[in-house]
Amino acid sequence: MKKEVCSVAFLKAVFAEFLATLIFVFFGLGSALKWPSALPTILQIALAFGLAIGTLAQALGPVSGGHINPAITLALLVGNQISLLRAFFYVAAQLVGAIAGAGILYGVAPLNARGNLAVNALNNNTTQGQAMVVELILTFQLALCIFASTDSRRTSPVGSPALSIGLSVTLGHLVGIYFTGCSMNPARSFGPAVVMNRFSPAHWVFWVGPIVGAVLAAILYFYLLFPNSLSLSERVAIIKGTYEPDEDWEEQREERKKTMELTTR
């Protein structure tokens, strides 16, 4: 565990999660600013969030895995894909990055366009229970897309994971904005809420819904649909950060990284 934390690759990965979440929040929230001359459309916001996540997954995915979302990180922990310590540092970096991204946007946005900085809120008389279920479903489909499109065990061509994930985020926003402003990402909701000091009684929805949805997707994918053939000791080693995969696994992982491009050969 200590060896993992002290490695340069680990530090780079944590920084990549911080930077990616900062950029994601800046562009995503920026697309939702209410300019007096032109109010944002649902399609505009959905495309901005989707393009941002696709771009960042393409650019920084090979460094950290491109989680950019505490719900996805926790789901991968439950799915036995990352260590507990890595999950902790990733989530911390994502939350700090989200605050930084929202803070920068707050600083550069004119007062008449800033509004509430796109803080997530319940819309159209949606109840907290309804909102939680919506966020759960939206994040469930996103997590399934991420797990399937980045699974190193798949031998058939899967196209571009970055493009697939970006489209999944766009899809979620096209539906979710009407209910909750669409979170699917606790960091996306937490950042502007901190900067604006605006935590509504329903803020928990944007944590519980996405996390439960992503964790359910991890259980379904990694334990029921496509379970790993790992022993109990190997699973414990992964959680502790002491697991050392064999050379064949590493070769498959490197080959998988080559598919993180916008076109396939």
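Glycine is no exception: its Cβ is also placed from the backbone N, Cα and C atoms.
As recorded in Swiss-Prot:
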type	residues	note
CARBOHYD	Asn124	N-linked glycosylation site
CARBOHYD	Asn125	N-linked glycosylation site
INTRAMEM	66-74	intramembrane segment
INTRAMEM	181-191	intramembrane segment
TOPO_DOM	1-12	topological domain 'Cytoplasmic'
TOPO_DOM	34-39	topological domain 'Extracellular'
TOPO_DOM	61-65	topological domain 'Cytoplasmic'
TOPO_DOM	75-87	topological domain 'Cytoplasmic'
TOPO_DOM	109-126	topological domain 'Extracellular'
TOPO_DOM	148-158	topological domain 'Cytoplasmic'
TOPO_DOM	192-203	topological domain 'Extracellular'
TOPO_DOM	225-265	topological domain 'Cytoplasmic'
TRANSMEM	13-33	transmembrane segment
TRANSMEM	40-60	transmembrane segment
TRANSMEM	88-108	transmembrane segment
TRANSMEM	127-147	transmembrane segment
TRANSMEM	159-179	transmembrane segment
TRANSMEM	204-224	transmembrane segment
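Counted as Cβ pairs under 8 Å, contacts with the transmembrane segment (13-33) are highest for 88-108 among 40-60, 88-108, 127-147, 204-224. Same-chain neighbours of the transmembrane segment (40-60): 16, 19-20, 23-24, 27-28, 30-34, 66, 68, 160-163, 165-171, 173-174, 177-178, 182, 260-262, counting only residues six or more beyond its ends whose CB sits under 8 Å from a CB of the stretch. Note on the intramembrane segment (66-74): residues 16-17, 20-21, 24, 53, 56-57, 60, 82, 87, 90-91, 94-95, 139, 142-143, 146, 162, 165, 184-188, 210-211, 213-215 of its chain, located 6 or more positions outside it, place their CB under 8 angstroms from a CB of the stretch. Within the model, the topological domain 'Cytoplasmic' (75-87) carries an average pLDDT of 96. Across the topological domain 'Extracellular' (192-203), DSSP classifies residues as 5 helix, 0 strand, 7 coil. Taking Cβ-Cβ distances under 8 Å and a sequence separation of 6 or more, Asn125 (N-linked glycosylation site) has no neighbours in its chain. Residue density at Asn124 (N-linked glycosylation site): 8 other Cβ atoms are found within 10 A of its Cβ, drawing on all protein chains shown.
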